[in-house]
Amino acid sequence: MLVPIPALNDNYIWLYGRANLPIIVIDIPEFTPLLDYVQQHQLNVEALLLTHHHDDHTAGVSLFKQHFPNVKVFGPAETQAKGATEIVNMGILQTEHYHIHVLQTAGHTEQHVSYLVDGHLFCGDSLFSAGCGRVFTGNYQHMFDGLQRLKSLPDDTIVCPAHEYTLANLAFAKYILPENVAIQQHEQWVQKQRVTHQPSLPTTMGREKQINPFLIAQDMETFVAWRKAKDVF
């Protein structure tokens, strides 16, 4: 199963699990939507994975730990102050049932990580559909390198960003790449999804290579110019 639970204004809490196994939860901006879904569907939770320390990804950790005191909360060191109990390192994270690759995707924050499990990429605020996160650290090289790392994943990788930013990102992508037909076509599909309050996510790495300016950018100079332009778009 793969489920994006809407939270706050435009966040998603992602749930992933194989058939008849406990699920993993990725980021938790608030607790109640998660609890409601888990109780309604009678799910067991194996782990909570945090991508970075921002409140709109961690504000539900405290209540989560109260309700699920035996479930480990994984995250980079910067999330320890927000309630992470297990600090992740780059490489392999093994839970009871899941073999998870931890990927360094710093730039949005100093220690932002992404998680790859069974061909599903949970990338927090590093990679969005048709966009990427703001570079709050000022380290554009880290951000560019992290996105290149994600870009190297197979085209059929299922990409699960943490925010419903796709329409706004596509508007900028059209501005930067006005001749890109794939962007125009995908925008039409996303508009139909959003009119009926359906998510535009997940996406795929293959699609993002076609429509995402920050993956299309061939060099650091172009990436930085486009990212700074998006900041004020």
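The backbone N, Cα and C atoms fix where each Cβ goes, and this holds for glycine too.
Residue environment of His54 (Zn(2+) 1 binding site) contains 22 other Cβ atoms, counted within 10 Å of its Cβ in all protein chains. Sequence annotations record features per position, and here Swiss-Prot assigns Zn(2+) 1 binding site to His52, His54, His108, Asp125 based on sequence analysis.
Following the DSSP three-state reduction, the secondary structure of Asp125 (Zn(2+) 1 binding site) is coil. Positions annotated as Zn(2+) 2 binding site by Swiss-Prot, on the basis of sequence analysis: Asp56, His57, Asp125, His163.
Within 10 Å of its Cβ, the residue among the binding-site residues His52, His57, His108, His163 with the fewest other Cβ atoms is His163. Comparing the binding-site residues Asp56, Asp125 by how many other C-beta atoms lie within 10 angstroms of each C-beta, the top residue is Asp125.
If you measure from the Cα atom of His52 (Zn(2+) 1 binding site) to that of His163 (Zn(2+) 2 binding site), you get 14 Å. Taking the C-alpha positions, the distance from His108 (Zn(2+) 1 binding site) to His57 (Zn(2+) 2 binding site) comes to 13 Å. Each residue contributes its Cα atom, and for Asp125 (Zn(2+) 1 binding site) and His57 (Zn(2+) 2 binding site) those atoms are 9 Å apart.
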